[in-house]
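Undergrad: Could you have a look at this structure, given as structure tokens, before my questions?
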Amino acid sequence: MNYFVTAIGTDSGKTLVSAILTEALHADYWKPVQAGFPKDSEAVEALLSNTTSKILPEQYVLNTPASPHYAAEVDRVSIHAKEMTLPFTKNRHLIIEGAGGALVPLNDKEFVIDITNNFPCEVILVCNLYLGSINHSLLTLNELKHRNVKVKGIIFNGPSNPSSESIIVKHAQLPVLLNIKQEEKINKEVVRKYASIVREQL
Ligand SMILES: Nc1ncnc2c1ncn2[C@@H]1O[C@H](COP(=O)(O)OP(=O)(O)OP(=O)(O)O)[C@@H](O)[C@H]1O
Ligand SMILES: C[C@H](N)[C@H](N)CCCCCC(=O)O
Ligand SMILES: [Mg+2]
């Protein structure tokens with residue numbers, strides 16, 4: 001199964017969630033478009049314990065830590081969703097990490113979520129519970145629904161807020177695959193802990 005990890009924004013925890021999902025399924029990991037350094041694929045590799053997972057090469061590595069459409073302009077390249085076809089892998093599971101939120105532009109017409117049109121996959125949405133996240137979550141969910149994107153479920157990441165979580169879930173009508181606490185530190189042990197929990201949901 002291919003899971004595409006998107007979020008309600010940037011810095012939401014997609015890379016952490018991708019590492020957890022990759023560890024849970026001993027999947028391969030792929031970041032189609034990387035904007036800025038350090039690379040997410042290096043972060044994921046450093047957080048894995050299993051020896052099966054492979055980190056597949058990015059389709060685009062851009063130099064500027066910004067929206068891919070702008071980072072591509074700075075690098076004088078053009079990037080297109082349709083070129084982000086699945087890299088070859090023998091692994092039956094692949095975790096694909098987007099960049100920023102779902103409607104982050106790749107160019108003047110396409111967005112990160114358009115990458116999911118290229119191959120069978122289910123989206124896993126990373127939501128946070130800061131003040132303002134209800135709106136950001138419901139806007140993203142509405143957009144995914146409007147695009148007929150298959151959503152496997154939601155992963156809540158960071159400081160908890162039961163009231164915000166319950167209203168998001170009520171409107172989303174989707175399973176909560178995992179709740180990740182705000183951790184003191186992020187390391188292989190923390191990733192293994194959450195991988196053992198989320199494995200049952202996948
Ligand atoms: N639950 C958590 N507890 C502690 N630190 C966290 C947690 N979730 C994320 N972080 C930290 O917050 C930062 C941003 O997380 P992360 O890189 O996973 O976000 P992202 O959504 O992948 O960002 P980007 O859009 O740049 O890819 C990282 O330093 C990460 O280790
Ligand atoms: C650079 C950052 N780490 C991400 N890779 C890209 C985030 C793009 C955000 C665009 C936006 O929503 O304003
Ligand atoms: Mg990331």
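Placement of Cβ uses the backbone N, Cα and C atoms for every residue, glycine included.
Here's the feature list from TrEMBL:
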{"type": "BINDING", "residues": "Asp11, Ser12, Gly13, Lys14, Thr15, Leu16, Asp40, Glu97, Gly98, Ala99, Gly100", "note": "ATP binding site"}
{"type": "BINDING", "residues": "Thr15, Asp40, Glu97", "note": "Mg(2+) binding site"}
{"type": "ACT_SITE", "residues": "Lys31", "note": "active site"}
Undergrad: Cβ atoms within 10 Å, counted per site: which of Asp40, Glu97 has the most, among these binding-site residues?
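TA: That would be Glu97, with the highest Cβ count within 10 Å.
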Undergrad: With an 8 Å cut-off on Cβ distance to the Thr15, Asp40, Glu97 Cβ center, who else from the chain surrounds the Mg(2+) site?
TA: Val5, Lys14, Ser18, Ala19, Tyr29, Lys31, Ser41, Ala43, Val44
Undergrad: List the residues of the same chain that sit at least 6 positions away from Gly13 (ATP binding site) in sequence and have their Cβ under 8 Å from its Cβ, in sequence order, or write 'none'.
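TA: Once residues fewer than 6 apart are set aside, Gly13 (ATP binding site) is near Ala7, Val126, Asn128, Ile155, Asn157, Gly158, Ile180.
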Undergrad: What binding-site residues in Gly13, Gly98, Gly100 place CB under 6 Å from ligand 3?
TA: none
Undergrad: Measuring Cα to Cα, how many Å separate Asp11 (ATP binding site) from Glu97 (Mg(2+) binding site)?
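TA: Taking the Cα atoms only, Asp11 (ATP binding site) lies 12 Å from Glu97 (Mg(2+) binding site).
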Undergrad: To the nearest Å, how far is the Cα of Glu97 (Mg(2+) binding site) from the Cα of Asp40 (ATP binding site)?
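TA: With the alpha carbons as reference points, the distance is 9 Å.
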